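Trainee: Could you have a look at this structure, given as structure tokens, before my questions?
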Amino acid sequence: MPFVKGFEPISLRDTNLFEPIKIGNTQLAHRAVMPPLTRMRATHPGNIPNKEWAAVYYGQRAQRPGTMIITEGTFISPQAGGYDNAPGIWSDEQVAEWKNIFLAIHDCQSFAWVQLWSLGWASFPDVLARDGLRYDCASDRVYMNATLQEKAKDANNLEHSLTKDDIKQYIKDYIHAAKNSIAAGADGVEIHSANGYLLNQFLDPHSNKRTDEYGGTIENRARFTLEVVDALIETIGPERVGLRLSPYGTFNSMSGGAEPGIIAQYSYVLGELEKRAKAGKRLAFVHLVEPRVTDPSLVEGEGEYSEGTNDFAYSIWKGPIIRAGNYALHPEVVREQVKDPRTLIGYGRFFISNPDLVYRLEEGLPLNKYDRSTFYTMSAEGYTDYPTYEEAVDLGWNKN
């Protein structure tokens with residue numbers, strides 16, 4: 001793959017991106033974060049992180065000491081899953097391989113955070129049915145799309161609106177997964193309440209039609225997410241917990257900016273986090289998906305919601321904020337964003353194709369193009385074989 005054409009890199013060495021910052025108990029050397037990136041290389045059965053490639057992949061991207069690495073979405077339990085090749089962290093065999101991955105990251109003097117993931121209606125009902133599992137959702141009055149509704153009918157596994165007992169079990173599963181993460185050597189966990197997955201489905205009035213204490217009002221829709229937050233604060237400590245949100249996201253049939261109450265909903269969540277912070281329980285960070293990318297399945301520049309901004313979060317939440325969404329090709333925007341001393345920047349797809357991304361950002365070097373066709377394939381190709389800048393020059397990529 002050649003370098004990205006038409007891109008004029010700018011060195012960010014003299015910006016706050018290369019100032020240290022403390023996240024929880026970890027002292028980062030810079031603020032360029034590797035965010036969660038689903039890669040579908042785990043082995044089935046068992047949802048086990050890939051024993052051959054995963055530690056190599058993460059170690060390559062942790063090569064700059066002091067880098068914050070947030071893992072790909074990781075299932076907290078079989079019931080939370082439904083993708084055969086995404087990893088989990090509920091079993092001893094999974095934990096054993098995560099230990100190797102975290103060791104590879106720590107050997108580079110970088111830091112490992114595990115994203116804890118529950119799919120909800122974004123899962124595959126036929127895969128769940130095969131394994132004797134429910135097709136869970138916030139409320140069964142609406143499906144994510146017609147295709148999944150048909151799959152659910154064909155598999156005789158219709159949507160199941162979580163009962164209060166189900167919610168309690170999910171919280172127990174989050175606790176178990178968080179404990180396993182720390183026991184395996186992770187520095188912390190990120191609760192995934194974004195991009196249309198289960199916790200996000202409770203936050204959004206399009207997917208949440210409940211009439212009990214988990215639906216109907218802003219406070220009720222936020223209840224499940226905040227109960228998970230509180231459970232993990234008590235289990236592993238607030239300094240080891242972060243939360244990811246996507247206020248303007250439309251992925252997996254979320255409302256995004258079309259919902260008039262979206263700012264009010266997320267302002268409430270952030271306000272509740274700040275209340276906990278003032279009581280001595282400040283989370284390590286909040287991670288926001290930008291309206292620059294409302295749907296991560298689209299290419300850069302597509303799907304931007306130009307009528308919204310996440311700037312509102314800064315007046316409510318006073319802790320660190322990771323901002324992610326189409327920043328790699330826009331260093332001039334990063335230069336402005338990181339003027340705020342609490343801001344970190346998440347770089348997704350270009351961290352896939354540039355294992356030495358932090359070095360390239362610092363020096364203002366060209367970026368390797370990524371190959372989207374290898375994002376989710378069971379292969380080392382497009383996973384561990386992207387070259388560093390020096391290797392790419394040796395390959396002649398700078399001449400293509």
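Here the Cβ of each residue, glycine as well, is placed from N, Cα and C on the backbone.
Pulled these features from Swiss-Prot for this protein:
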BINDING   Thr38, Gln115, Arg244, Arg349  FMN binding site
BINDING   His192, Asn195, Tyr376  substrate binding site
ACT_SITE  Tyr197  active site, proton donor
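Describe the structural context of each listed feature in the structure shown, including burial, neighbouring residues and relevant distances.
Mentor: Same-chain residues at least 6 positions away in sequence with a Cβ under 8 Å from that of Arg349 (FMN binding site) are, in sequence order, Leu37, Glu300, Ala328, Tyr370.
DSSP assigns His192 (substrate binding site) to a strand. Summarising the environment of His192 (substrate binding site), the number of other Cβ atoms within 10 Å of its Cβ, over all protein chains shown, is 26.
Packing around Tyr197 (active site, proton donor) is summarised by its Cβ count: 23 other Cβ atoms lie within 10 angstroms of its Cβ, all protein chains included. The DSSP secondary structure for Tyr197 (active site, proton donor) is coil.
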Trainee: Sequence gap of 6 or more, C-beta under 8 Å: which same-chain residues meet both conditions with respect to Arg244 (FMN binding site)?
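Mentor: Arg244 (FMN binding site) has long-range Cβ partners Pro36, Gln115, Glu190, Ile191, His192, Ser193, Ala194, Val286, His287, Leu288, Val289.
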Trainee: According to DSSP, collapsed to three classes, what secondary structure does Tyr376 (substrate binding site) have?
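Mentor: For Tyr376 (substrate binding site) - judged by DSSP and reduced to three states - the answer is coil.
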Trainee: Show me the subset of Asn195, Tyr197, Tyr376 whose Cα is within 10 Å of Thr38 (FMN binding site); these are the recorded positions I mean.
Mentor: Tyr376
Trainee: Using the residues the record lists for substrate (His192, Asn195, Tyr376), what whole-number Å value is the largest Cα to Cα distance?
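Mentor: So the maximum pairwise Cα distance among the substrate binders is 20 Å.
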